[in-house]
């Protein structure tokens, strides 16, 4: 495949005007901002249906190109590759994931600014084909994380009840609304872990496309479950009280506006149109409702807005 030219450098701060800052806010930040949840229409949500083999064939060259243009990505990958070598480099038997997939998960979960840059870019990377081609410098990381989650889910397809805590951001929505995170979103199987990341907004989520990545995380004690950007959720409850928000989400299926986006210039045989998959409600038990202390539950909201930055 003839690789597309990557010609311009993404200007610092471009995404900040349209997306929320990371929930890992530093001490001393003043107050909380308000962000409205929606279907994240600008998200880059490719599932690479029918073209994964082509992406794999060109992965190394594209990855080197992105490393040259993205210092944080190159450094994060190098650190993750060293960790992979330490954990599994001398195993005689094959792993559940390819080395590149495992390294991608390690790089995402590391304590660095890579995941923040990646999530901010992913929330806006699908606003147009040209924007994706020229400004989205995480094409390989997105592909590898997507493939890793597919591979892990294939071995144990089930739903999980998870939690997500956010500090410094109050998310607004309404009961019955369909929403997406629009990025790879970290959650935890443990409520106490999620609480430590913040309670300005606290999510209780039933995910059927997110998968546990404990084995491939820099911080296995966090019991992380990683949710892909294309999973759709129904808001089953929205509570507010004592300056805090609680949002309950139930998996509704998955939806992508992009497919094989990188290959579109080669004749348009891939990635045409608006792809929707499995928008029926996922089977299983109803989402458990936890008590909201001194809060009211809303059934209405205001307007649509940005998806959620990584908190865990």
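Even glycines carry a Cβ here, placed using N, Cα and C.
Residues annotated as active site in Swiss-Prot: 164 (among others). Cβ-based neighbour count (10 Å, all protein chains) for residue 164 (active site) stands at 27.
Annotated active site per Swiss-Prot: 186 (among others), in sequence order, evidence recorded as sequence analysis.
Summarising the annotation, Swiss-Prot assigns active site to 224 (among others) and lists sequence analysis as the type of evidence. For residue 224 (active site), other Cβ atoms within 10 Å of its Cβ number 26.
What Swiss-Prot records for 108, 164, 183, 217 is NAD(+) binding site, and it gives similarity to another entry as the kind of evidence.
Marked as disulfide bond by Swiss-Prot on the basis of similarity to another entry: 51-260 (among others). In the three-state DSSP assignment, the secondary structure recorded for residue 51 (disulfide bond) is coil.
The disulfide bond annotation in Swiss-Prot covers 159-208 (among others).
Sequence annotations record features per position, and here Swiss-Prot assigns domain 'TR mART core' to 71-256. Mean pLDDT, taken over the domain 'TR mART core' (71-256), works out to 95 on the 0 to 100 scale.
According to Swiss-Prot, the signal peptide annotation covers 1-20.
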So how many other Cβ atoms are close to residue 183 (NAD(+) binding site), meaning within 10 Å of its Cβ?
29
Using C-alpha atoms, which one of the recorded positions 183, 208, 224, 260 comes nearest to residue 164 (active site)?
224
Using C-alpha atoms, which one of the recorded positions 108, 217, 224 comes nearest to residue 51 (disulfide bond)?
108
Residue pair residue 183 (NAD(+) binding site), residue 224 (active site) - Cα distance, angstrom, rounded
15
Please determine which of the disulfide-bonded residues listed here (51, 159) has the lowest count of neighbouring CB atoms within 10 Å.
159
Select one residue from 208, 260: among these disulfide-bonded residues, choose the one with the most other Cβ atoms within 10 Å of its Cβ.
208
